[in-house]
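According to Swiss-Prot, the protein has these features:
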type	residues	note
BINDING	71-76, 105-109, 129-130, LYS142, LYS151, 169-172	NAD(+) binding site
BINDING	GLU184, HIS247, HIS264	Zn(2+) binding site
Amino acid sequence: MERITVNLAERSYPITIGAGLFEDSAHLSSLTAGQKVVVITNVTVAPLYADKILSLLQSLGCQASLLELPDGEQYKSLDTFNQVMSFLLEGSFARDVVVIALGGGVIGDLVGFSAACYQRGVDFIQIPTTLLSQVDSSVGGKTAVNHPLGKNMIGAFYQPKSVIIDTNCLKTLPEREFAAGIAEVIKYGIIYDAEFFTWLDEHLDALYSLDEQALTYAIARCCEIKAEVVAQDEKESGIRALLNLGHTFGHAIEAELGYGNWLHGEAVAAGTVMAARTAQLQGMIDQQQFDKIFSILSRAKLPVHTPESMTFDDFMTHMMRDKKVLSGKLRLVLPSSIGTAEVVADVPQEVIRQAIEDCRTIN
């Protein structure tokens, strides 16, 4: 078992990682007898894990309730947010309620935002069940819902009280969802840790075969990096923006093609290739470095090409709404080597256009 702390002074919290955590109530020991707890999950995750979590809560003497929501990125919306608010209000839950997000990134973001807003903020715990949410979205306090005009445009920075990661959840995860999570894992190697990138290149098969030791190491390393970055820059005014490698292109893909048609990690993978190609055209990385990035994402069974139906104008329409745009200037996160990245604000549109076009056929 691994334990990592996100250091944010009085708002610091633990991340616990290991196999079989759902069998031990010790990881929820901050909850007390009589405590009202609402577990919010979706219709896919509920049959797999809801009873286990409810049993742990009952063993602690908590008064536990369950809310099941529809499954899918399209439900990360204000309509579903209102559904959560109505459930909490109709149940007369007070400010001492604890909300648990049990699910993937959609549930984590939606429930976290709901916790931030309900009566101006109630405590919540993240229990991520997908690889993507375990290595990225459950850590760091970013919470949000989508708007038809942009992803994660309505949200708040709101930290959980703890994150509990049971790697056994990955045994029930479809391979497509697992691959989407691997995209975010690879991202950490590209932007922050060249040795980790090399390790991933050598252990990709072990990860896909769900080797417990490899999974625990990879998840823990990602969480360590995320915790280090968040401790330095909680509100994304500096270094934290680097965690968005591939996301500016990726969010454009998701918004244009419809939320849920591409998984978030799939869009990030294609976006990472476009960002790497942009960096290469800018002289920031060489052909060998680009090839390494392209190769590992391709081997991970992820999309690595520009969607056929999307034009340059489609991309720019959405990218200019990106949260990193300042004073009308598009800022892109680009790799400057394997293991480092930077935010670049002056990339000519013709370079972006060429990168998008090159990535239609590159191999």
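For all residues, glycine too, the Cβ spot is worked out from N, Cα and C.
Each of the listed features needs to be described in terms of its position in the shown structure.
In this structure, GLN74 (NAD(+) binding site) is part of a helix by DSSP.
Long-range Cβ neighbours of HIS264 (Zn(2+) binding site) (same chain, at least 6 residues apart, Cβ-Cβ under 8 Å): GLU73, GLY105, LEU132, ALA180, GLY250, GLU254.
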State the count of C-beta atoms found within 10 angstroms of the C-beta of HIS247 (Zn(2+) binding site), not counting that atom itself.
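26, counting other Cβ atoms within 10 Å of HIS247 (Zn(2+) binding site).
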Please report the Cα separation of HIS247 (Zn(2+) binding site) and GLN74 (NAD(+) binding site) in Å, rounded to an integer.
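Their Cα atoms are separated by 18 Å.
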For GLY108 (NAD(+) binding site), which residues of its chain lie six or more apart in sequence with Cβ-Cβ distance below 8 Å?
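The answer is ALA101, GLN126, PRO128, SER133, SER137, SER138, THR143.
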Cα of CYS169 (NAD(+) binding site) to Cα of GLU184 (Zn(2+) binding site): how many Å, rounded?
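Their Cα atoms are separated by 17 Å.
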